[in-house]
Amino acid sequence: MRAPGCGRLVLPLLLLAAAALAEGDAKGLKEGETPGNFMEDEQWLSSISQYSGKIKHWNRFRDEVEDDYIKSWEDNQQGDEALDTTKDPCQKVKCSRHKVCIAQGYQRAMCISRKKLEHRIKQPTVKLHGNKDSICKPCHMAQLASVCGSDGHTYSSVCKLEQQACLSSKQLAVRCEGPCPCPTEQAATSTADGKPETCTGQDLADLGDRLRDWFQLLHENSKQNGSASSVAGPASGLDKSLGASCKDSIGWMFSKLDTSADLFLDQTELAAINLDKYEVCIRPFFNSCDTYKDGRVSTAEWCFCFWREKPPCLAELERIQIQEAAKKKPGIFIPSCDEDGYYRKMQCDQSSGDCWCVDQLGLELTGTRTHGSPDCDDIVGFSGDFGSGVGWEDEEEKETEEAGEEAEEEEGEAGEADDGGYIW
């Protein structure tokens, strides 16, 4: 007689236990979320699960579309179960609260944010599981040729860029082929015998300009996505130590890279800008930023590295190219620069045939202008400080001579005092 009663009691208890477990899972998911962590910015930082066994570092600049949100249907199969094309891959994929599952064919599933699905283009080839009716065109992994988008992010193909534009409802275009940042007219990186060429001052200056433009694109894109406010902690400390000239995309990028929030960038943090394959001068550039040679870059060193003035001769050449190129006036003097962007010792005007000697800053040495080639090595060689016209003196000898002269003067004054007397 008790068996039916027990059955009626067990069923409600089981339902209550199942409800408690479901509530616990929901709380665990909520606690596991990372609220406002700027290192989880979907636009250009990948998640911690993207460590590579080969690369041995966290590639924060990985293609945003090719991230861990894409799951393989084959990985979810158990044992030797045969592939069933009638099954839905989204059946075994659990997305977070704010995402919905999209089936791409019968082997792949993708969890997409609901916000990104608000303005999608409807595609009948891809099925959406949720209350959204539109979807963006999928991309095939075989068609890979990286491009740099107008938002400053690198995409594995043009299709990926178009897909991201569709997902985010943004107008994106290809800035250049290959990864970001887009190169300008790059000088040759190797000599005729195949040996690598050292990075000159002009190479480092050009690289700094490209990186600064790239950082600005990333910063603007972050503002549009509303993720700039999530870095208020590190940025507030940064603002206290940086000058006004560095409170822009340069300072913002520093706070992004400074994961330890100690206002220093060590080699591990700098390695997040993984461009060694495409920018041969990237490591020499960051090494040049470390003016104290302590193995890390401070906030002041970082700002100075990007806002330092270009060498004078190189800056003059660029000014001539910008201002004088359109006028096309004949007889314009073009200075001769060395490999580091400073003036060569001898400068010549091709139109008049006159030559003269200058210092590194381009200041003409008096009396050196002549019709021909002056011997600037002998003229400038007299000066220890190049181009100053003043020879160095031995400070110790100079101090010894001055001390001797002072001693003689004191002896002379004492003698004059002893010889003094009265005439009666």
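Glycine residues also receive a Cβ, built from the backbone N, Cα and C atoms like all the rest.
For Cys139, the disulfide partner named by Swiss-Prot among Cys148, Cys159, Cys166 is Cys159.
Feature annotation from Swiss-Prot across Ser52, Ser72, Ser227 places phosphoserine at Ser72. Disulfide annotation in Swiss-Prot: Cys148 is bonded to Cys180, selected among Cys101, Cys111, Cys180. In the domain 'Kazal-like' (130-182), helix, strand and coil residues by DSSP number 11 helix, 9 strand, 33 coil. For Cys95 (disulfide bond), the spatially nearest entry among the disulfide-bonded residues Cys101, Cys148, Cys166, Cys376 is Cys101, judged by CA separation. Relative to Cys357 (disulfide bond), the recorded positions with Cα atoms inside 10 Å are Cys348, the candidates having been Cys111, Cys136, Cys148, Asn225, Cys313, Cys348. Cys90 (disulfide bond) sits 18 Å from Cys139 (disulfide bond), counting Cα to Cα. Using Cα positions, the member of the disulfide-bonded residues Cys139, Cys148, Cys376 nearest to Cys337 (disulfide bond) is identified as Cys376.
Cα of Cys101 (disulfide bond) to Cα of Cys139 (disulfide bond): a span of 17 Å.
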